[in-house]
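Swiss-Prot has this to say about the protein:
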DISULFID  CYS31-CYS81  disulfide bond
DISULFID  CYS40-CYS64  disulfide bond
DISULFID  CYS56-CYS77  disulfide bond
DOMAIN    31-81  domain 'BPTI/Kunitz inhibitor'
SIGNAL    1-24  signal peptide
Amino acid sequence: MSSGGLLLLLGLLTLWAELTPVSSKDRPEFCELPPDRGTCMGYSQAFYYNPSQNKCLPFMFGGCKANPNNFKTLEECKRTCAA
């Protein structure tokens with residue numbers, strides 16, 4: 001297989017992995033934690049998984065010492081927690 005074909009295959013596999021939903025049985029336990037602003041006084045948008053709505057939602061993150069249900073991007077939250 002040519003290097004171009006391998007790159008195409010790798011790209012397609014990566015896309016498939018990104019789009020494959022996480023089943024609730026495979027979802028990490030920390031996805032059930034409530035949003036945690038943390039103890040610092042920063043002000044930046046982050047995302048957390050809301051299990052009752054089964055989706056990722058924005059919240060304001062203080063910048064440090066929060067629980068692991070805290071993602072920089074919506075895509076990262078969906079990939080990790082959303083079913």
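Note: Cβ is positioned from N, Cα and C throughout, glycine not excepted.
For CYS77 (disulfide bond), other Cβ atoms within 10 Å of its Cβ number 23. Ranking the disulfide-bonded residues CYS40, CYS56, CYS64 by Cα distance from CYS31 (disulfide bond) puts CYS56 first. For the pair CYS77 (disulfide bond) and CYS40 (disulfide bond), the C-alpha distance works out to 21 angstrom. Of all Cβ atoms in the shown protein chains, 20 besides its own fall within 10 Å of the Cβ of CYS31 (disulfide bond).
Ranked by how many other Cβ atoms sit within 10 Å of their Cβ, the disulfide-bonded residues CYS40, CYS56 place CYS40 at the bottom.
For the domain 'BPTI/Kunitz inhibitor' (31-81), the DSSP-based tally of helix, strand and coil residues reads 9 helix, 15 strand, 27 coil.
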